[in-house]
Amino acid sequence: GLPVCGETCVTGSCYTPGCTCSWPVCTRN
């Protein structure tokens, strides 16, 4: 959906459902 989840994943993990890590930010379809 939105390209950015408003979450960073510098540690390599995303906590927002449906988001994946595209370092250093979380993204989703």
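Cβ coordinates come from backbone N, Cα and C, glycine included.
Taken from Swiss-Prot as is:
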- Cys5-Cys19: disulfide bond (DISULFID)
- Cys9-Cys21: disulfide bond (DISULFID)
- Cys14-Cys26: disulfide bond (DISULFID)
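All features noted in Swiss-Prot, drawn onto the structure.
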residue : record         : Cβ neighbours (10 Å)
Cys5    : disulfide bond : 21
Cys9    : disulfide bond : 19
Cys14   : disulfide bond : 19
Cys19   : disulfide bond : 21
Cys21   : disulfide bond : 17
Cys26   : disulfide bond : 20
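If you measure from the Cα atom of Cys19 (disulfide bond) to that of Cys26 (disulfide bond), you get 6 Å. Between Cys21 (disulfide bond) and Cys14 (disulfide bond), the C-alpha separation comes to 6 Å. With respect to their backbone Cα atoms, Cys9 (disulfide bond) and Cys26 (disulfide bond) stand 6 Å from each other.
Put simply, Cys5 (disulfide bond) is 6 Å from Cys26 (disulfide bond) when counted between their Cα atoms. For the pair Cys5 (disulfide bond) and Cys14 (disulfide bond), the C-alpha distance works out to 9 angstrom.
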